[in-house]
Structure formats: structure tokens, C-alpha cells
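Q: Here it is, the structure in full.
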Amino acid sequence: MSPPVSVTKMQVENYAFAPTVNPAGSTNTLFLAGAGHRGLEIEGKFVKFTAIGVYLEESAIPFLAEKWKGKTPQELTDSVEFFRDVVTGPFEKFTRVTMILPLTGKQYSEKVAENCVAHWKGIGTYTDDEGRAIEKFLDVFRSETFPPGASIMFTQSPLGLLTISFAKDDSVTGTANAVIENKQLSEAVLESIIGKHGVSPAAKCSVAERVAELLKKSYAEEASVFGKPETEKSTIPVIGV
């Protein structure tokens, strides 16, 4: 067996993102694929609203390696297809959105819902099922408020389940506040952050940089194991340091 790949924690503003997590809605350990802020230019000043961490199940590494090993961080950053593979790949994802500035659940959920519906209608995939899923999504957030340091967390199952959790501190464990079964909505949350029109270019670049390095390491280790064929998938576990 190849030696484990280690991933490090990251700091975004005053908020730390652990190298690995065991989130609500999952029995697996997911590793930190990248982190960054979300902000907007307001009256000539860039204002940061949230710090975002993106975690992936370790099976993401061999899956992504099939197409993306050997690519540079810049090549991955510039590739819409790479981020689509991250969003839609057959492995779990976990996204933690931590408030830098206060935000109400209504403000957050309405913006996410608006972007999702516009995208689905634009590509012709909006149905009654998506409409019902959006209503459930809005209901979950309706009475919530998120002060600085509070987090919204999403666990995305490849089966199409979206587990939503809230925390007032840096905890990522505990019980789920809601589970919504809709594959398009499940994928849309992460897509809205690191996809083609993602709201966090910083998180997007971070994911590209860290995944490129993990693919590089896994490929080098795979090739060095007693003539192991290049096409054989790696089963390298990911641990935190």
C-alpha cells in the first residue's frame, strides 16, 4: 500500500479549516481540498462576507487522476470541466461557509435559490421537483440568523442527498438540521461556489492548487511501487497534519 498523503489546515481571515472532518450526513472522513473567502466590491472597497472550506472524500483523488493528473494548478483553475468533475464526481463533498460578517438565513438562502433557479431554467432542467426542493431549502433557513463565526454546512452525497447543518462555533459534527433529496440542488450549492460563475474565486484557486499537488504526489507514489501499472487506480488514504 502506498504511504498516506497528508493535507494541512488552512486559515481564512480569523477562521481555521481543519485538514480533515467527519461531517453530519456522512460516515467518512473528508479532506480539505481548498478554502477561500467570498466578497464583493462595495463603493470602491472589497468587503469579505464569508470564509469557505471545501472538503472531498478521499476517493476523489483516484477519480480525478484519471483525467487530470499532470495538469498544473493554473490549468485546473482555468478548466470549467475540472470543477464540474469535482462537483458531479461519485464521491462525497462537504462545504463549510463561515460568516465573517453577520447574515440572515433569509438573505443567504434567497440568493442561492435565485442563482440555482436561473441556472436550471437557462439549461432547461428546471422541473416541479426542483421547485419543491427550493421551497424546502428556503424553509430550512427562514428563521435562522448567522453572526460572525457561525457556519452553514452542506454535505453532498453522490446519491443526491443534501444534508444541511448549522453551528454557532467551529464545530462540524452533530445532527443535521435538514436533508433534502434532489441531485440538482445538491450539486448546485458547490457549483455556485467553485463552478463557472462561482462566488469564491479564492476557494476555486485553492482547490485547484491543492488537488493538483495531491494528484502529483499520488501519481509519483503509484509509479514508484514495484512497477505498478500507471493505469491502476491509487487507493491512497488521506490524513490530516
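In case you wondered, yes, glycine gets a Cβ from its N, Cα and C as well.
Remember, it's a predicted structure, so these values are computed and weren't measured experimentally.
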Q: Where Swiss-Prot shows Thr50, Asn115 binding substrate, which of Ser192, Ser206, Ser218 is named for the same site?
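A: Record check against Swiss-Prot: substrate site with Thr50, Asn115, extra candidate from Ser192, Ser206, Ser218 is Ser192.
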Q: Would you pick out, from the binding-site residues Thr50, Asn115, Ser192, the residue whose Cβ has the largest number of other Cβ atoms within 10 Å?
A: Thr50
Q: Widest Cα span across the substrate binders Thr50, Asn115, Ser192, in Å?
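A: Roughly 17 Å, rounded to the nearest whole number.
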Q: Centre the Cβ atoms of Thr50, Asn115, Ser192, go out 8 Å, and tell me which other residues of that chain have a Cβ in range of the substrate site.
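A: Checked against the 8 Å cutoff, the neighbours are Arg38, Lys111, Val112, Val189, Ile193, Gly198, Val199, Ser200.
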